[in-house]
Amino acid sequence: MTEEIQGVESSPHLVEPNFPPSKCFSGHTSSLTCVALFPNGKTIISGSYDRRIRLWDVETGQASGEFLRGHKVAVCAVAVSPDGTKFVSGGGDGRILIWNAATRSLATEPIEAYWNRVDCISFSPDSASIASTAGKMIKIWDVETAKLMMEIELQNHAKQVAFSPEGSRIAAVSSYDHTVRILDAKTGALAVSPMAGHSDGLLSVAWFPNGQCLITASRDRTIRLWSSETGCQIGHALGGHPAPTVQVAVSSDGKFIAALGGESIRLWNAITLDPILLVLKHDSPVLCMTISADARFIAGGSGDKRVFLWDIESITRQDCESRPSETLRLESQEYSNPGHTVPQVIPVIASHRLSPLKPSTPKEDAYPAVSRARHGYFRQWWRHLRFLNTRQYSSSARTTASPNPQSNLEGDASSNQGQSPAQDVLDEFNRYVMNDIPIRLIYVPTMELVGRNFVKTHFLHQMKEITEDLIAKEQAEFLPPLARERVVPTLVQSKVKYGILSHRWLDTGEPSYQEMMGKNLHGPSHARHLPGYIKLGRCCKEARRLGLQFLWTDTCCIDKTSSAELDESIRSMFRWYRNSTICIIYLGETLILEDLRRDEWFIRGWTLQELLAPQKIKFFNKEWQPLTDQEDDKEEDTPLMTVLEEVTGISETELQDFSPVPQHIDKRMTWAAQRRTTRAEDVAYSLMGIFDVSLQIAYGEGGERAFGRLIEALMHAGGDSSVLNWAGDPARHHVSRALPASPASYVGHPDIVRIGRLDLALTSRGLRVPLVVLPLEVTRPEFDGHPVVNLKFRCPHHGIGEVNIDSRGYKFNAIPRQYALGVFHYIPAEDSSNPGLPKELTAYLLERTEVEVNDPTLTGLSRHHRSTEDGWRRIPTGFIYFELPEVPDFASLWYVSRTCLETVYL
C-alpha cells in the first residue's frame, strides 16, 4: 500500500490564491542564486550569477551600500552568523569568503576550499565555525582564523548541510542515495543510522527549533519529517508541489514550514501540518528563499534579478480570510468530532518530545520520476597526505649526518626489538619499492649502481618503525580519522628516501650505464676527471649532506641498450620524480639568480616535468653553491619563485602544487611550446606525465606522429574541450585535418573556462566531434575564377554579427561554399536538454560544398560519395574568439536548440 501524501493536491476543495510579495529589490544583473536575512531582520544579503553580493535595507527597499565582489564566477551560497557580526559567501570558483558585517570588508584571507562550486554554507549556533559542502566533502572552518578544523568525506554528493540548534550535530542530505545523515560535529561520525524514505535525491534539510526533529526536501516533490534521535520518519510526507522541492525551511518559532519548488513557495502549519492556502510567487520564478530569525519575513530571489520580501503576518491573516467558509466548517466539525483522531505528528512537534513512531512506507509512484542531476566534479585532497612525507623528511634530514643509514635508528630500533611490521605494511613496502621507485639507484656511500632488491633489503629494517601506535597517531591527525589504507602508503614512502638529479646533459663526458657497471668511476682512467663525472660526484656529495643514501640520474641509471627498460623508464619518470625526497637541480650556466633567465635548462623539454613533478627541489649554480638559503626552493612568496614564474610562464600555485591531469591542455601545451628536445619524439614523450597519460615508446615514428598519439590519448582520457583550442595548419600524418602538429599550435590561445566534456574519437574518417554549428553569411567579392583571400564573415544568429577571422592567407575556392562556425566550447546536452553556450566562445571555421537537399540526381554510390565528401571541413585559421551579446555576464549560459548540435568528422 502506497503512502498517502498530505498536501493541497489531496484536498481538492482548497483554493490556492497567489500571494504577491510586499517588497521587491532590484540591482543585480543576473538571476539570483542565494539569499539570507540578518538576525535583526533589517538587512537582506543576496548572491547572483553576476558574481556580486548585495545588501538591502528592508525598511527602505533600497540597496545598502555598494555591491561586494570577490568571486571569480557565480556566488552560490551566502549565510549570516547568528550574532550578526559576520557573513560568508561561497562561489562557483570553490572559494569561501568571510566578511565583516560592520565594515563589509573581508575579515580573513580568501579560503581556497574546493576544486568545484560551493553548494552550501551553514553557521554554527555560536557563530564560531561554519560548515561547507561541495561534492562528497564537508569541511568545518574556524570563522576567526579561516583555518580548516575538520574534513568529513561522504560516500555520495552532499547537497546541503545544516548545524543543529545546539551545534553538536550536522545534518547532511545526499542527492544520489536519497538519504539524510546526522553527523557528530566534533568527530564527524554518524550520530544515527542514515535515514531513507524519499524516492529520489534530497536537495535540502532544516532543523526544528527543538533540535529533536528535522525536515527534508526532495526531487520526488515531497517534504518529510524525521526524528533526529531514532532516525524514524514522523507522520506522512507532505506534497503539493508541481515540481521537485529544492529548498525547505522552518521558522525559528517552530510554527510554520516553507518549501520552495516549482518556482513558488508553499507553506504548512508546523503544528498541524495543514497547508496554508497561499502560494508565494511572482511573475518570475522564485529560485531561492530564507526565513528571518524573528519569523517576520520570507525573502526569495528570482530569475528576473530581483529579491522579493513577504510579510508573514499578512500571509497568515489572508490565509484565514481566503479559506472557504464550508471548508472551515468541515474542519471545525472534524476536530470537534469525538471520533476524530488528531494526527500523531501534532503532539510530537508541539510538545518537543518525540514519541516512538514506526517509519512510514516509502512513497511509490506518487509523482512522475525526475531524473537525477549529475555531478562530475571533485577534487582529490591528496595534498593533506603529502605533509606526512614532508614532515618526516624535514626532521630526519637535519639529524642524519652520517653516511651509515643505520646510525640514526639505534634508539628507535631498541624500542621495537622483538616487534615485526604488520603484514599490510610489508605488502605496501614491497609493492612500492618494486613499482614506484627507479629500477636502479646509485648507492651514494660506494658510488655503485644497485637494483630494487638491494634497496628493499636496505630499508626493510626501517619498516619496524611503522608501529601500530604510529599508524594510529597519524590517523588521528585528521577528523574523522583517516583510513589505515591511506596512512600506511604515506608512512612507507616517508621511510624510502632517495634524491634525484635534474640537469642539462653535456655533449660529451657524461658517465654511462656501462661505465658505472664497470666501476670505471673509481678506476685509474682519466674519465673520472671529465665534467660529467665531476658533476655526478658533487651531486652525490650534496645527497650525503642531505642525509640520503641513494641517488638517481638519467645519464647512467638507465640501460639504454634495453628497449624494455628504456620504455619503462620513460613512462615512469614523472612518478619517479614525484616520489623522490628531493630533486637536486644543477644549472650549469647560472651563477646568480638573474642568470636563470638565460640558462638552457629552462628551454629543454624533459626539464619541464622535472620542475613540476617533485614535491621538493633545490637549485644549485654552476659552482655547486645553493641559489637560496631555503631548504625547499618551492616555498611560496620568494624572489626565486617570482623569477621562475616569469621565466616559465607557469603560475606560482602550479609550480608549488602541480596536479597531473588531462585538463587545461591548451595552457599546459604553451609551457612546452618553446622547449627543445634532441629526439623529435621526446616532445610528446616528455609530456606524458604532465597529463597523466601513457604512450608506447617508438623512436623513429617522427615527432608529429608521436604528438598526434599524445593528442589522441588526451581525447580518450578526459574529453576536455581545451584540447581543441589550437590554431594554424594541422598535422599531416593523419587523414584528420583537426590534429595540431606540435605544442606551438596552442600558443596565443584564448583563455576558456573548463565547462564540459566532449565525446571525442579519432577515426578513419577523421576526428569525430560534436560541435554547435552556427551558419555564416559571406560578403563575396566579384569572383573571377581565381581563389579569394580574406573573406568577410557575418553570423546572423544570437546577435553575434560580424566575426573577425584571421584566415592566414588561406585561399578560398571560387566555387560557392557553405561556411559556419563550429563551436567546441559549450555545455554538452544531456538526455533531452539543450547545449548551453557561455558568453565567451571559441570555434573553428568550417566549410562544405553547397548541395541541394535531397538532390534526386544522386543515387546509389553517387549519393554515398557526395555525402562523404560534402561534410564539414576545418579551415586552418587563427584563433576564432567572440562573445554572445545576448548572454548578460560571464557566469550565465545561453541555451540553443539541439538542432544546432552536429556530430562532424574533421
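The backbone N, Cα and C atoms fix where each Cβ goes, and this holds for glycine too.
What TrEMBL records for 25-66 (among others) is repeat 'WD'. Residue counts for the repeat 'WD' (25-66) under DSSP (helix as H, G, I; strand as E, B; rest coil) come to 0 helix, 21 strand, 21 coil.
The repeat 'WD' feature in TrEMBL is assigned to 68-109 (among others). Sequence-remote contacts of a segment are chain residues at least 6 beyond its ends whose Cβ falls under 8 Å from one of its Cβ atoms, and for the repeat 'WD' (68-109) they are 30, 33-40, 45-55, 115-123, 125-127, 130, 132, 134, 141, 143-146, 293, 379, 753, 890-891.
Applying DSSP to the repeat 'WD' (111-151) sorts its residues as follows: 0 helix, 22 strand, 19 coil. What TrEMBL lists as repeat 'WD' is 111-151 (among others).
In this model, the repeat 'WD' (195-231) carries an average pLDDT of 89. Feature annotation from TrEMBL assigns repeat 'WD' to 195-231 (among others).
Here the repeat 'WD' (279-314) has, by DSSP, the following mix of helix, strand and coil residues: 3 helix, 20 strand, 13 coil. Residues or ranges marked as repeat 'WD' by TrEMBL: 279-314 (among others).
The feature region 'Disordered' is assigned by TrEMBL to 396-421.
Positions annotated as domain 'Heterokaryon incompatibility' by TrEMBL: 498-589.
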When the repeat 'WD' (68-109) is classified with DSSP, how many of its residues are helical, how many are strand and how many are coil? 0 helix, 22 strand, 20 coil
